[in-house]
Amino acid sequence: MTQETKGMWLGALGIAMFSLTLPFTRIAVLEMDPVLVALARAVIAALCAAPLLWWERAALPDAAQVRSLLITAAGVVIGFPVFMSIAMHDVPASHGAVVLGILPLMTALFAALRFGERPSTGFWIAALLGSALVVAFALRQGGGELHMADLLLFAAVVSAAMGYAEGGRLARTMGGPHVISWALLLSMPIVLPVTIVLLWHHGMQASPMAWVSFGYVSLFSMFIGFFFWYRGLALGGIARVGQVQLIQPFLTLLGSALLLGEVLEADNFLFALVIIAVVAIGRKMPIGRQG
């Protein structure tokens, strides 16, 4: 098995875990404070990350790595979970699945701009078209208006793309488990105090199913899934392995139906299919190195 193929399989396992993030978050935030769910899941994951780093005698990151880790943490530890959790309180998970369908293209865009590459005209056209389709879907679902939940989902896409691209590159030298573990620990000076305050104000009284959902997003969405995802990106390349994100909207739609009983309308599948087709075309457009 080639490194690229292995990377694709590992990436697919990570995406399979991530695909249930929206439905499980939806279950949790209907009974718990959304921001508390978003930040507390990082605290739980950090409690797992610290022993892992100690057990493996992980080297302390250098200054350059710390900067990259802070960017990663801002994207996938804080930004994406907070924006997504608040949005999931107001819209179905199936709606979020379609909006997040643009994430693969945004990840490639961040990787290109951040790491000194020059996207082709075709890539930019695909990016704009894909974004326009997502906006059109949100407008159609919102009765001709963009609602706050849609804007939050757009912000979640940008945050995740930034964290995926930065963390995927860093995983080449640090390893996927160490990247997410250090990102979690570096975020704690901000995340932990805010979590304690929110816990004091809101508490976490919830049903067993809400607790199971919170446990899933804490352990799999926030921690274990990144082991496979970042390792896959490191082995096969961000642009290539990132293509497996194309299956995520459909897995999320399926999870929304099974876990939440959401009715999957034809519009959802149609928009998801068209957006993914545009993303797939965009991912094949050339990206040249600057200079």
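The backbone N, Cα and C atoms fix where each Cβ goes, and this holds for glycine too.
In the domain 'EamA' (6-130), helix, strand and coil residues by DSSP number 102 helix, 3 strand, 20 coil. Taken from TrEMBL, the feature domain 'EamA' covers 6-130 (among others).
Residues annotated as transmembrane segment in TrEMBL: 7-29 (among others). Residues 37, 84-86, 88-89, 92-93, 96-97, 100, 206, 209-210, 213-214, 216-217, 220-221, 224-237, 240-242, 244-245, 247-248, 251-252, 255-256, 259-260 of the same chain, all 6+ positions outside the transmembrane segment (7-29), place their C-beta atoms under 8 angstroms from a C-beta of that stretch.
Per TrEMBL, the feature transmembrane segment maps to 35-54 (among others). Proximity of distant same-chain residues to the transmembrane segment (35-54), defined by a Cβ-Cβ separation under 8 Å and at least 6 residues beyond the stretch ends, is recorded for 25, 28-29, 77-78, 81-82, 84-86, 177-178, 180-182, 184-185, 187-188, 191-192, 194-195, 198-199, 202, 204, 214-215, 217-219, 221-223.
Annotation source TrEMBL lists transmembrane segment at 66-87 (among others).
Under 8 Å from some Cβ of the transmembrane segment (93-115) lie the Cβ atoms of residues 22-23, 25-26, 84, 87, 123, 126-127, 130-131, 133-134, 137-138, 141, 149-150, 153-154, 156-158, 160-162, 164-166, 168-169, 238-239, 242-243, 245-246, 248-249, 252-253, 255-257, 260, 262, 264-265, 268, 271-272, 275-276, 278-279, 282-283, 287, all in the same chain and six or more residues away from its ends. The transmembrane segment feature in TrEMBL is assigned to 93-115 (among others).
According to TrEMBL, the transmembrane segment annotation covers 122-139 (among others). Cβ atoms under 8 Å from those of the transmembrane segment (122-139) belong to residues 98-99, 101-102, 105-106, 108-109, 112, 145-147, 150, 153-154, 267, 271, 274-275, 278-279, 281-282, 285-287 of the same chain, restricted to positions at least 6 beyond its ends.
The DSSP breakdown of the domain 'EamA' (148-280) into helical (H, G, I), extended (E, B) and coil residues amounts to 121 helix, 0 strand, 12 coil. Annotation comment: TrEMBL describes 148-280 (among others) as domain 'EamA'.
According to TrEMBL, the transmembrane segment annotation covers 179-203 (among others).
Within the chain, the transmembrane segment (209-229) has long-range Cβ neighbours (under 8 A, six or more residues past its boundaries) at 10-11, 13-15, 17-18, 20-21, 24-25, 27-28, 30-32, 37, 40-42, 44-45, 48-49, 76-77, 81, 164, 167-168, 176-177, 179-180, 184. The transmembrane segment annotation in TrEMBL covers 209-229 (among others).
Feature annotation from TrEMBL assigns transmembrane segment to 266-282 (among others).
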